[in-house]
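Pulled from Swiss-Prot:
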- GLU62, GLU92, HIS95, GLU176: Fe cation 1 binding site (BINDING)
- GLU92, GLU144, GLU176, HIS179: Fe cation 2 binding site (BINDING)
Amino acid sequence: MRTSSFLDRLIGEVDSALRTLVLPQKRITTRQSPAENLADTVLSAQEKKHISGLMRVNHAGEVCAQALYQGQALTARLTHIKEQMASAAAEEVDHLAWCEERLYELGSKPSLLNPIWYCGSVLLGALAGLAGDKISLGFVAETERQVTAHLQRHLHYLPEKDKKTIAILKRMQEDEEHHAHTAMEAGAVELPYIIKQLMNAVSKLMTQSSYYI
């Protein structure tokens with residue numbers, strides 16, 4: 001049986017990048033959106049603008065997560081780690097689709113900065129993979145913990161009547177917590193404090209800019 005080469009994985013990464021960044025009319029998912037059967041809520045123009053900003057940030061975060069997983073899968077050493085990264089990336093596609101659909105419903109669109117975040121995250125993921133699978137998994141765990149924390153903050157910022165967005169974020173939060181737990185069980189090591197702070201600083205830059213652009 002032929003094993004995939006680095007070139008094969010690189011071609012797959014280019015394909016994944018195009019699938020992530022080129023917005024389809026409707027993205028194919030493996031799961032139904034948590035908001036699918038919920039009724040629309042009457043929102044003011046200001047509320048729509050604010051919710052759109054939050055969902056644009058969440059969508060950008062999922063673009064980063066997708067890229068991080070793809071970069072790590074590109075350089076991971078162990079087969080089961082590569083498979084775990086690919087599985088997590090597939091779930092992030094669902095998140096992308098849910099965020100995109102909600103943005104369109106609100107009359108908005110994803111961040112124009114997504115290509116920048118994607119490229120940076122792929123590079124970070126690939127470097128983490130080169131540093132070793134345990135460190136790579138540590139990046140996954142820490143990334144997912146930070147994503148979970150900002151999703152929790154967004155849940156507090158949303159109007160209580162916006163049941164659709166709340167349902168989406170809660171399901172995403174559950175998935176991210178599961179990804180972090182799975183990474184730790186697979187042998188992730190805790191990252192140094194300075195690395196965590198650097199990741200947090202980059203995350204803040206992404207969230208503050210993607211909210212508006």
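Cβ coordinates are placed from backbone N, Cα and C, and glycine is handled just like the others.
Since we're looking at a predicted model, the values are computed, not measured.
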Any further residue of that chain within 8 Å (Cβ to the Cβ centroid of GLU62, GLU92, HIS95, GLU176) of the recorded Fe cation 1 site: GLY61, ALA65, GLN66, GLU91, ASP94, LEU96, VAL147, MET172, ASP175
Other CB atoms within 10 A, centred on HIS95 (Fe cation 1 binding site): 26
Residue among binding-site residues GLU62, GLU92, HIS95 with Cα closest to the Cα of HIS179 (Fe cation 2 binding site): GLU92
Distant-in-sequence Cβ neighbours of GLU144 (Fe cation 2 binding site), under 8 Å, six or more positions away: ALA65, GLU176, GLU177, HIS179, ALA180, ALA183
Cβ-Cβ distance under 8 Å to GLU92 (Fe cation 1 binding site), same chain, at least six residues away: GLU62, ALA65, GLN66, TYR69
Where GLU62 (Fe cation 1 binding site) falls in three-state DSSP terms: helix
All-chain count of other Cβ atoms within 10 Å of GLU176 (Fe cation 1 binding site): 26
